[in-house]
Amino acid sequence: MTIWYGGDYNPEQWPTNIWDEDVRLMNRAGVSLATVGVFSWARLEPRPGKYDFAWLDGVLDLLHAHGVRVDLATATASPPPWLALRHPETLPVTEEGVRMSVGSRQQYCPSSPVYRERARELVRRLVERYADHPALELWHVNNEYGCHISHCYCDVSAAAFRDWLRAKYGRIEELNRVWGTAFWSQRYDSFDEVSPPRAAPTFRNPTQLLDYDRFSNDELLACYRSEVAIIRARSTVPVTTNFMGFFKAVDYWAWAREVDIVSDDTYPDPADPDSPAYAAMVRDLMRSLGDGAPWLLMEQAPGAVNWRRRNAAKSPGQMRAWSFQCVARGADGILFFQWRQSAVGSEKFHSGLVPHGGTDTRVWREVEQLGRELAELSGRTGDAAIVGTRVPSSVAIALDWDSWWAIEQPASPTEVSYVRTLFAWHSALTSLGLTVDFVRADADLSGYRLVVVPAHFTATDSQVRNLAAVAETGTLVVGFGTAITDENLHVRLGGYLGEPLRRALGVWIEEFAPPASPDLSNLGAGAPPELVLDGEVFGGPATGRVWAEYVRVEDAETVATFAEGALSGWPAVTRRGTGAGAGWYVATLPDPGALRRLAERIVRDAGLDLPAPAARGDRVETVRRGGYVFVINHGAHEAEVLLDGTDALTGAPALGLKLAPQGVAVIGVE
Amino acid sequence: MTIWYGGDYNPEQWPTNIWDEDVRLMNRAGVSLATVGVFSWARLEPRPGKYDFAWLDGVLDLLHAHGVRVDLATATASPPPWLALRHPETLPVTEEGVRMSVGSRQQYCPSSPVYRERARELVRRLVERYADHPALELWHVNNEYGCHISHCYCDVSAAAFRDWLRAKYGRIEELNRVWGTAFWSQRYDSFDEVSPPRAAPTFRNPTQLLDYDRFSNDELLACYRSEVAIIRARSTVPVTTNFMGFFKAVDYWAWAREVDIVSDDTYPDPADPDSPAYAAMVRDLMRSLGDGAPWLLMEQAPGAVNWRRRNAAKSPGQMRAWSFQCVARGADGILFFQWRQSAVGSEKFHSGLVPHGGTDTRVWREVEQLGRELAELSGRTGDAAIVGTRVPSSVAIALDWDSWWAIEQPASPTEVSYVRTLFAWHSALTSLGLTVDFVRADADLSGYRLVVVPAHFTATDSQVRNLAAVAETGTLVVGFGTAITDENLHVRLGGYLGEPLRRALGVWIEEFAPPASPDLSNLGAGAPPELVLDGEVFGGPATGRVWAEYVRVEDAETVATFAEGALSGWPAVTRRGTGAGAGWYVATLPDPGALRRLAERIVRDAGLDLPAPAARGDRVETVRRGGYVFVINHGAHEAEVLLDGTDALTGAPALGLKLAPQGVAVIGVE
Amino acid sequence: MTIWYGGDYNPEQWPTNIWDEDVRLMNRAGVSLATVGVFSWARLEPRPGKYDFAWLDGVLDLLHAHGVRVDLATATASPPPWLALRHPETLPVTEEGVRMSVGSRQQYCPSSPVYRERARELVRRLVERYADHPALELWHVNNEYGCHISHCYCDVSAAAFRDWLRAKYGRIEELNRVWGTAFWSQRYDSFDEVSPPRAAPTFRNPTQLLDYDRFSNDELLACYRSEVAIIRARSTVPVTTNFMGFFKAVDYWAWAREVDIVSDDTYPDPADPDSPAYAAMVRDLMRSLGDGAPWLLMEQAPGAVNWRRRNAAKSPGQMRAWSFQCVARGADGILFFQWRQSAVGSEKFHSGLVPHGGTDTRVWREVEQLGRELAELSGRTGDAAIVGTRVPSSVAIALDWDSWWAIEQPASPTEVSYVRTLFAWHSALTSLGLTVDFVRADADLSGYRLVVVPAHFTATDSQVRNLAAVAETGTLVVGFGTAITDENLHVRLGGYLGEPLRRALGVWIEEFAPPASPDLSNLGAGAPPELVLDGEVFGGPATGRVWAEYVRVEDAETVATFAEGALSGWPAVTRRGTGAGAGWYVATLPDPGALRRLAERIVRDAGLDLPAPAARGDRVETVRRGGYVFVINHGAHEAEVLLDGTDALTGAPALGLKLAPQGVAVIGVE
């Protein structure tokens, strides 16, 4: 088995004489999989009910003739302009009532029955025509669900939302209870009075907002399901839709159950030195969404993107290094957006495998090299030695979309970035050489020795019980902002955390006291002050950010404290030993160095072995997959490999190997 | 007489079994007054014309049975969702035409006849039912008029505005003259052509904007009056509505005449070290609005609020210190929002007297302590020794909503914060131990020895005469930006200031020259440079901010000058002695230290005695009320009392008393 | 011949008794030309079809009687409110669908047939009445076309845009090809499906955006033409409309062909030390637009403006210095906005020739002085020695509105300010004492020895050929971002620059690599890092900004390189000698000092003589017009003239003359 290699292929942008060069170059680069048709609805159905598949027949036949497999898109992500002209109510509307126009992409209301029916009809015809095509390897449903438009506020959506609420709550009084409409005179007398959370004089009802997040996710998922049902009725080829890493609007836990293989689009900023660590977290999420199964990197850029204000180019070797990161963390395919860089349109400055400058270019040479190396890797390591294997982990971080939606709402104790909080913990653990899974709070956690639960704001009773149980036999680490509310955003009263986390950790929270800077204007406040922390566990000076609070210790050891101000002497970190396990509580976000040292202490306390360093150097990433250790040098200086074994990329002995910046070694260790 | 203690009580958020605990805890905390029903319209009238008062009967009876008096709200601030469904035209509209939705609060157009009639009908029924209830102490009309929505731009408002203009101007030609429509081709041929100042290509007519500010204030006041008329026709219980400190949209001078007692909601940021000084200014305003009569602190937070980006908790003792500040500055009641912290909804993270964590909490212990101390204070000081007394002052600052609205308009000489300008003067004077009143420019000012007039941009002829007359027998201090225009925003020609201030001060202004930084983009310019000032009166290095100008001296002494640039050597501060009085002019905003020293010079020059320092320490506030001096330590270090007398809070001798941070002493000095 | 002097005169704002003082003061100040009626539509036609010209008769007769010539406006820039009431569809609409309201100015949709017909009817009557008035010197059509509202997105505009597209493309398939609608499923099946680029989910089609910029410019120009046609049918008096310097929305190359004399409004920020250099560039543009013919400064402010957040006053002498800058750079008239400072309305704090404070003011004294000096200058220098003369130049910078619109689009490689890029080159060349023209890329460039082409992003094939030809006999300097696309925004493939620039310069561009800072949020990224450059040509340390890229050298000398990071060692500046000429390429924007030294090297290499310094001092501007060298001291310190000759302003010998800050000398050198 080999690692898939290729990318989005949009030949409809080019005259057909280019197509022949395309397949010739694909073969040269080792391309094995091409995603076709993502944005071709208007080409496939140029006017209502008039279909034109001849060109697509040609594309698939051509690819097949050259041995390139096809990931065939359903093309439903961007309706043609004729739909908007004939059915303007299919265009999405913002909170302020602005109806979006045609001329960009993905301009549809997910709840629109007209859009859905036209999409289904297109899918029916595509499936009918291509289900048995010999080039077909994968179905690619729609594209990046929720991108740009995840929530629509139009009247069609409003009606759908009311139906959703009726189904969920049954009686309006139940909605009133759950939403807490007794306050602010929000009581609804019937479902007809309820709206989407449109622009309003001030803070909108938090549970309404959360329900609208859920509803919006459900509506997108219903779109996906309606297409998949048509495919599966006729085809056994696997189905995917491309995810977008940590994408707030879409709850990928729910979606991952419905794809045959997880696939992901990610575009970390090459100018950001944190990007490799952040990307590592994204890869771990993709692996975790599929419950450890291999996944596909569906899209990345070979060079620069074009949608930031300023778009850094990838430096030489960076594309290769980041690609091997994906393989190390469970990917079985490395695909790109897009094959040939567009000459016109909104993405013409988004890099492509075939750049504007042609093949006498750095980018193309790196494309050829990577294709060759990926193909050779399977050969060198043996069949299924890497491809298809799982990446084991005994450490997990809990991830929850409800909590993400809830903790970032306005009218909360303070401004928290949920993903940055996860990232802080993931980075700290990863920098110790550990591989980390993401898990649902209600999953079976018995396989993990250490579970970290940061800012898990909103939790059901059963989630709380499931998390608390970790401390009985393993190590549970709970971060601030956890289990503050139930799934309805009702605060757990009687001391934050609530039973049974209070018992598991031996603490409860009396009051929040987040760091804040003066904010007379309620606008544009500067960064909040840092909090000085005190504790031997930090191994040196330490500061806290984002959050602080009054922690009441009932049955735990205070491991570190706040050191200044009103909180001086109050616990910042506590630990409760349970014999077989332990429960830690962390009431702030320590600075990266302090958090790394705290994490190391927790890991050792949990009895986990830390792997020996695989290399000497700064910003070197180490991951084990199958019998191989991937060593990737993201730093600015040369690194030196410290492992015995053989580099599967070169066949050279690993020990003492020097890795230049962006250098990679894949070391067989078994 | 005792000081009222209590807060907003919203039992409709809770099951009735909690109500019994509520009244038990109220008694424990010394709660004497509860505000009921503020946001209960949708509960009282769950559908059009169907009323349900039974639960409110129960609340009032229960409170009465436990000796808690009731401040009963008219509940009209937030119409129920059914009103919006049936009458969408009652929903307010922004300048850009966005119609607000239900789901937050206070979503009504103040000019809506439908809203007003539904509100009146509710008030009729409430008054009918509860006018004679034995618990009733106060009527609480609506809530925080103008909060979130002070100006509505809908078509209903447009029609009302045209009526308002017809009544004001009679003939369209008079409107054209006053608005100066001869310029920019704005001439109206009939009132039908006039709109609210909706979104427009560029700067809108300034007098139109000012009239719309006045109209909007009048419309809100009409709403208030329409409710009060119903109450007074049936009840002799006093009436209030809660103000919001320095709130730009509502001219509290006009409103204060129509309430039986002034009441205020204030939420200074605990993270801001300027908050105590700013809050002192707010308290002085409330006392001044009632012409010196005692007022109620209707709402404050026991701990954190939840509507800033980051919400600092009050530090231990801060709630108590700020409460005594109110009493010192004329409050006869200390109330809070809200009694029991909500478990759900938009304000669940706004602190309450009964916190989420219950009664084993710092906040609850401070609530009990403050209730006890307030109750004991009356006993210790004797009946009416503090409660009901007035706070004397011989120093005043002129405050004017028209000027506020006008000077902060776009297309002005420079960006000025009216309130920050007032605050600079108030702080300087207060830091000298003086108590300061706010006054209208057309009030009888003969009782004041010193009147400061900062940035009084817009003034009628009679106001200007009234202010100028101060200099004849007392000391008049005029700040930059004063009397630039008349009440129609017509510039006073022939040299800024205009007669007779020019005569009173001996100067006129030739040209404005505010400090500015480069602004090629007209967006996001940085802070303007500081201006170096020169003058012995500042007692050291001094800088100016915000404003500068060319001052022409006719009959005055130049006390300080600008020291750099084109203005170098031009007057920054002048003084004209008049024998019995003096007129000072200050052409910039000196930095806080320089302004304090300048203020001290002016005060001494005015023959005012500065009180001896009541305490040694940083950020110690001193205010005298009745026979007592309140000493409050807002600083970070211990302070020492320097007064003879007895601390009424403890019975201890005052002299040498050490006050910890947030510490308070109430020292009998007669 | 004398230099025109005067300004906008709006007597309709004032009672008629002021008018007599106006003309008396005009005579005192030497006013020779007054612009009348710019914003008087509502006064001239107070209701539909009812005209009132009597007052305007009076104004023109009065001016004529006092020897003041008239620039008569067509008054069509601001329709009266009655038009909006009767035809709300004439009001412009934003991208988000917000319809603008009356109450400010210029509230019309340029495509509105109703607006156009009402405007034409007004012009017909004005022309009929005043074509033969003896005071008439100039027709002033509309005002500042495009100011505030340059693009309208209403349905009327949408229909006009579709007509424009039909005329341009003929068949919808041609539009699809040019816009590249094959991507993102944007294919249009008929013109009826096309919209203006209204608010959309994400980036809108770039060619659609560019076409909308062109369409919007064309619509404004059609408005202008429709008025001019009426004028020219009846009158031989010359026609102008006032430009606004570098104004993005309006392509002045197209407009300049249609005016009889170019006129300009400019308001540089007095607080910005770069303003004199920036203003010099604007003056050079105005001269270039008229192909070297004299132009009019139609509007400047005698002191402060009022539309910035903070409005600096002009310092003493600054108005005079900037006025002489205009004369030096080709202006034959110095006019102001406005004659008498308004007492009311949105511009009352915009300075006027007659200030609020009257004539005992600095501003008025400077107005009188400047009027006297301008009148005397012609006398001293002799008839036509300055007035009417052209300012010669052998150096040009290419300027192109298509490129401006295109390079500042979103979804580009990086954020570039087109005008700041031009400004960098203009400043560098001007600081060497050179006078610089702006030219079109398709103009006859044979008269120039040096042509600089910065960021000329979008270029037709013939433009590219024309530019490339410069290098054959002269010196061509091409900056980054040039010729990346053709006029349809199709990338020139096969290496950026494309043939024939690639041949002329001996280089091509492989890949862009602009400096970028981390931008995880895609919002509010900080400034990008600077790039270290290495090259003797910079004469010292040098840094680059904005842009960087991989330059491939085929037939050129690498003059300077990037010195750090992935680009280290790659060319930053190259030169290809062609025998008679040379072609330079500059792949970044060097810092101002480095660019100046590079420019000097290029100029010397081109065989151009640099003029001997006319003065010793910092920020001294030197320009030659006719037989006179204008020396203007914009610096903060005294400067000393180094030229022989006589100062025409004073008759004094020039050599050794000391110029105070803002000082001016006009030195006869022939």
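Residue numbering: from 1, along the chain as shown.
For all residues, glycine too, the Cβ spot is worked out from N, Cα and C.
In TrEMBL, annotation is done automatically, which means it is predicted and not curated.
Per TrEMBL, domain 'Glycoside hydrolase family 42 N-terminal' is recorded for B:8-376. Across the residues of the domain 'Glycoside hydrolase family 42 N-terminal' (B:8-376), the predicted structure has a mean pLDDT of 98.
For B:Arg105, B:Asn143, B:Trp307, the entry in TrEMBL reads substrate binding site. Take the CB of B:Arg105 (substrate binding site) and look out to 10 A: across all protein chains shown you find 28 other CB atoms.
The active site, proton donor annotation in TrEMBL covers B:Glu144. When secondary structure is read from DSSP and collapsed to three states, B:Glu144 (active site, proton donor) falls in the coil class. Listed in sequence order, B:Ala77, B:Gln106, B:Asn242, B:Met244, B:Asp265 are the same-chain residues six or more apart from B:Glu144 (active site, proton donor) with CB atoms under 8 A from its CB.
The active site, nucleophile annotation in TrEMBL covers B:Glu299. Annotation note: B:Glu299 (active site, nucleophile) sits in a strand segment as assigned by DSSP. Remark: B:Glu299 (active site, nucleophile) has B:Gly7, B:Asp8, B:Asn242, B:Asp264, B:Asp265, B:Thr266, B:Tyr267, B:Leu335, B:Phe336, B:Phe337 as non-local neighbours, by Cβ distance under 8 Å and separation of at least 6 in sequence.
If you look up TrEMBL, you'll see B:394-608 marked as domain 'Beta-galactosidase trimerisation'.
Annotation source TrEMBL lists domain 'Beta-galactosidase C-terminal' at B:620-667.
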Within reach of chain A, those recorded positions of B:Arg105, B:Asn143, B:Glu144, B:Glu299, B:Trp307, CB-CB under 8 Å: B:Arg105, B:Trp307
For the domain 'Beta-galactosidase C-terminal' (B:620-667), residues assigned helix / strand / coil by DSSP: 0 helix, 24 strand, 24 coil
Surrounding CB atoms that lie within 10 Å of the CB of B:Asn143 (substrate binding site), all protein chains: 23
Around the Cβ of B:Trp307 (substrate binding site), the count of other Cβ atoms that are within 10 Å: 16
